[in-house]
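This is the structure, below, for whatever I ask next.
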């Protein structure tokens with residue numbers, strides 16, 4: 001392709017990169033190291049690392065994101081595996097993807113009814129004489145709904161990875177006398193790891209920012225960094241502090257990605 | 001063996017029931033004459049009547065669709081150009097750095113994208129309305145379009161371009177009659193993903209929208225924060241119906257095309 005032709009294709013795309021990728025990141029970094037008058041200050045970072053609240057919140061965010069990812073994985077892996085054994089796989093897959101097309105907010109809204117004091121779950125519990133349990137506006141409710149929302153996004157990549165495995169490999173492992181557990185541990189799991197990894201990446205990072213869920217069903221308390229950012233930007237209007245938390249979230253995100261990326265490198269070296 | 005299949009099917013069916021439960025719960029109560037989602041009172045169409053007389057909500061639905069179509073079109077254009085430019089990159093380093101920048105918005109949490117775009121628009125002095133939301137949706141949809149189009153360009157037989165040139169095609173003819181038709185499936189997939197991203201988005205829109213403009217997600221959020229409103233239930237029933245019809249049409253089309261796949265594939269490959 002001649003040079004001037006390439007420039008014609010490149011210019012709008014580069015414009016997008018500069019305006020909407022690089023500049024916003026620079027701006028959020030700039031806001032985090034200035035005060036409301038635009039003067040340089042490190043006060044925001046001192047506030048973040050000086051107070052237990054923010055540090056506890058960071059740990060909380062990571063912990064919740066970890067739990068959400070773990071529960072989603074535990075539920076989704078068997079489902080993805082079983083799907084590859086089914087007839088009419090395309091139809092089953094379609095059934096699993098369909099709920100992701102319903103707006104996330106609507107699904108969260110449904111749980112307000114389901115988990116409420118007089119909602120379905122409590123009516124069910126009362127059949128066994130268990131008193132109404134307050135589930136709405138708890139951390140449990142937040143994790144439950146987040147797992148519910150993320151399940152299809154974990155099933156799909158794992159399903160694709162398992163479907164790509166040559167069945168002969170599994171048969172070979174069984175023929176050579178491996179137990180079911182050994183076949184899973186040493187054959188199926190490592191071969192399906194790329195799918196698991198992309199599932200984890202698709203869930204761990206977004207679950208750091210599910211502020212609407214913590215608002216609607218987590219009880220309006222600021223328990224994760226995502227909620228804190230929303231609070232500082234939309235309610236208290238302290239954008240500089242919000243930007244600082246944003247920078248910290250970005251750093252955490254990069255660390256998480258480096259960890260998962262590194263493990264992949266280590267594996268291929270073996 | 002038979003037993004194992006039964007267990008497998010049971011696990012998947014229970015999982016599907018759980019996935020659909022909240023949606024059916026919403027739809028069930030959309031026919032209840034009460035004001036809450038605890039006990040079904042009498043059957044009524046009342047909430048649907050309110051919904052269809054709610055001109056504000058209907059306008060928001062139209063706005064949301066318009067926004068998705070418009071941002072999808074723009075993002076598909078810029079993204080396709082970007083993919084062409086990336087593939088034509090002179091050095092491997094240039095290509096990989098362009099791809100890395102492309103993926104920044106793919107992996108960023110929504111709150112970060114929303115907050116940094118909010119700072120960006122304010123810094124530019126842009127007012128927060130349809131324009132700012134449109135720009136944001138275009139911005140976060142471009143990377144997925146690039147990722148959908150890129151493999152198609154890679155797969156394409158480069159001799160096609162040479163052949164067209166040898167046969168005397170102008171560079172515009174090569175672009176519009178050879179390159180674009182060859183990568184059309186990728187472009188369509190990218191457009192489709194861009195539509196999904198736009199329709200699904202809540203967090204970014206929530207940050208960058210002002211008083212004058214709102215999308216369906218943001219509207220549902222603000223209604224859900226005020227508590228149960230069975231008009232929202234009626235709305236979700238309608239949305240579910242539309243999605244269901246769309247998915248069924250897609251399924252039967254893809255089943256039919258997979259039957260004639262053999263002929264089709266040859267046609268596409270040529």
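All residue numbers here begin at 1 and follow the chain in the order shown.
Glycine too: its Cβ is placed from the backbone N, Cα and C atoms.
Heads up, TrEMBL stuff is auto-annotated, nobody curated it.
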Which of these ranges is annotated transmembrane segment in TrEMBL: B:214-233, B:234-253?
B:234-253
Count, for each of B:60-86, B:174-196, B:234-253, the Cβ pairs lying under 8 Å from the transmembrane segment (B:12-31), and report the range with the highest count.
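Most Cβ pairs under 8 Å with the transmembrane segment (B:12-31) come from B:234-253.
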Going along the chain, which residues at least six beyond the ends of the transmembrane segment (B:60-86) come within the CB cut-off of under 8 Å?
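Same-chain contacts beyond the ends: 95, 98-99, 102, 130, 133-134, 137-138, 141-146, 148-150, 153, 179, 183, 186-187, 190-191, 194-195, 198-199, 213-217, 219.
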